[in-house]
Amino acid sequence: TLQIKGIKDTWVLVSAHRMKRPWAGQVEKPPEEHIPRYDPRNPLCPGNTRANGEVNSDYDSTFIFENDFPALQPDAPDPGSDQHPLFQSKAARGICKVMCFHPWSDVTLPLMKKHEVLKVIDKWAGLVEELGTKYPWVQIFENKGAMMGCSNPHPHCQVWASNFLPNEPALSDRCQRAYYKKHGEPLLLQYARQEAEKKERVVVENSDWLAVVPYWATWPYQTLLLPRRHVLRITDLTTGEREGLADIMKRLLTKYDNLFEISFPYSMGWHGAPTGTHLKEDNSHWHLHAHYYPPLLRSATVKKFMVGYEMLAQEQRDLTPEQAAEKLRNLPEEHYKTRENQEKEGGNEKEG
């Protein structure tokens, strides 16, 4: 057992021996594997009517619309400034969008073609550029799988833009700024270079990107996606870097699915330098990155619970980052569904 310090001045307890303990706790239902390509009742499918009566376009690529049940609205009232210090509030304004990755419900990012993933990346950048002119924070995030609270299997993500810097990016901003001031180099840029040299926590890499199980990871198979070049925001990526991102996303997410041969659940999101009024500031301490937080621990049906000690003391993990990285790194890069389909087709040819 040891403690590992993270980039946000917090510590993680690593207790790798706990993986040997017997499990008699909750077992999750495996994800549905037979999802129809088109469902007339699914509000995210092309041409279908959503809850508010809006009809989706008959889209054949990506599709973006304003969330029918937004958590943020652009005209939230101001509660006023006359408040007790223990009961403070302020207006939270913003806009929430939904982005469908693909017209088919039975595909996910690792099963999409590389040029289709590239279109998703381009749309992400477009939304950050559009919403970032007004809002200081634009959060791209994807909740994949019912285990992560996703209520619809259709491949999609959400983009929330807010008039404030939320807690996690605000903390990340402070820690990166402090490191830059002390060491004269962006924290995550130096970290990416160190991980590229060590190799022990690298899962996949290419000439422009690096995916690692971070040294301070809390979730069992958590990964961090980093550009090798110093990049502030997703809008700053070159055409080549976007193509490299499509490649590494497909490879990483294929390994995730291959780990337990299921459509792997996770929550993911992008963090980059703030936007809005911050566009005029020096944000050299920032380095673009994406977080992947998958809950599964031992199998397709046993997840990691962040409860008890994790909630009341500090985060704890049950295998080392190096063990997790090695397990993911050694998995094949051909998706298990592709292999199964090829085997079925081969069997049918033999029978014929």
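From the backbone N, Cα and C atoms, a Cβ is placed for every residue, glycine too.
A TrEMBL annotation is a machine prediction, not a hand-curated record.
Since this is a predicted model, take the numbers as computed values, not measurements.
Taken verbatim from TrEMBL:
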| type | residues | note |
| --- | --- | --- |
| ACT_SITE | HIS156 | active site, tele-UMP-histidine intermediate |
| BINDING | 18-21, ALA51, 67-68, ASN143, 149-151, GLN158, 304-305, 309-310, GLN316 | UDP-alpha-D-glucose binding site |
| DOMAIN | 174-339 | domain 'Galactose-1-phosphate uridyl transferase C-terminal' |
| REGION | 316-352 | region 'Disordered' |
ASP68 (UDP-alpha-D-glucose binding site): tally of other CB atoms within 10 A of its CB: 13
Count of other CB atoms lying within 10 Å of the CB belonging to LYS304 (UDP-alpha-D-glucose binding site): 21
HIS156 (active site, tele-UMP-histidine intermediate): tally of other CB atoms within 10 A of its CB: 20
Inter-residue C-alpha distance, CYS150 (UDP-alpha-D-glucose binding site) and HIS156 (active site, tele-UMP-histidine intermediate) (nearest angstrom): 10
Inter-residue C-alpha distance, LYS304 (UDP-alpha-D-glucose binding site) and HIS156 (active site, tele-UMP-histidine intermediate) (nearest angstrom): 24
